[in-house]
Amino acid sequence: MDLTVNLGGIKLKNPVAVASGTFGYGLEYADFIEPEKIGAVIVKGTTLHPRPGNPGPRIYETPAGMLNAIGLENPGIEVFLREYLPRLRERQVTVIANIAGNSIEEYALMASLLQGQEGIAGIELNISCPNVKQGGIQFGTDPETVRQVVAAVKKETSLPVIPKLSPNVTDIVAIALAAADGGADALSMINTLGGMAININLKKPVLGNIFGGLSGPAIKPVALKMIYQVYREVDLPILGGGGIVNHIDALEFFMAGATAVSIGTGNFVNPCLALELLEGIKKYMQEQGFSSIQELVGIAHA
């Protein structure tokens, strides 16, 4: 049985990754799961300089998921490269870095710092950040800005570049086409949906940041629809995620058009989910007579 996939030039031993922001740097979970056995660990979002993150509360549980407004708390790219990457390299973890910038120039600079670093397999771009130079509009909501960010990063690195698409748009295909035009090697989708909650006793928003990102099973139908749409129109491999909590969910994503899947919120519930889910995928493939995971990709379009 062949579980290997090629995600835009990144060779994965299996098609199950863990999503950025839900698995730390991979090392935090090492008491529960061997991170090197996961297809890829997409590490915590990294910025050029250290960031303290948003004021609390930062997380709020919803009936079918959770809202988070962490605010990209992280020690900065230099600390990641100096302290975390060598330990991941020792364990032979397939690492995909995740970077977030305040400007196109910052994305390009971080890409240049990652270029040539042994142990980095690719770069995921968090483009759900406000563009400080353009009045705070999110990079990922404007097709031309998406194209510019991807193109600027591609100029600075030979690593595969994977923009993570925001679902908070009216036309996801237009955004995906712009990313492809900028030179993206693959697409990661989807990021969180914007949301909020209100405490009726305090009569104010629950989250310190007021707004947050909704993740978990609630967003799965949205993710599936968007992946299905993009698969039909854009010739790039897709890393699909959004509400995957079991192997049945993952299989739906493959059939919609995802080459690989990423587990996010589910990691908080079950740290071993990625590998348990992989076993479920294998069992399904055996029962259904599939010899390669690639046979499942996009099969719902046939």
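Each Cβ is built from the backbone N, Cα and C atoms, and glycine gets one as well.
Together with S20, K44, G45, N98, K164, I190, G216, G242, G243, G264, T265, the FMN site in Swiss-Prot holds one more listed residue from N126, N131, which is N126.
Residues S20, K44, G45, N98, N126, K164, I190, G216, G242, G243, G264, T265 are recorded as binding FMN; their most distant pair of Cα atoms lies 20 Å apart. Under DSSP, G71 (substrate binding site) is assigned to coil, being neither helix nor strand in the three-state scheme.
All chains included, 22 other C-beta atoms sit within 10 angstroms of the C-beta of G45 (FMN binding site).
Local packing around the Cβ, expressed as the count of other Cβ atoms within 10 angstroms, is greatest for G242 among the binding-site residues K44, A69, N126, G242, G264. If you take the CA of K44 (substrate binding site) and look 10 A around it, the recorded positions you hit from S20, C129, I190, G242, G264 are S20. Within 10 Å of T192 (substrate binding site), as judged by C-alpha distances, no binding-site residues are found among S20, G45, N126.
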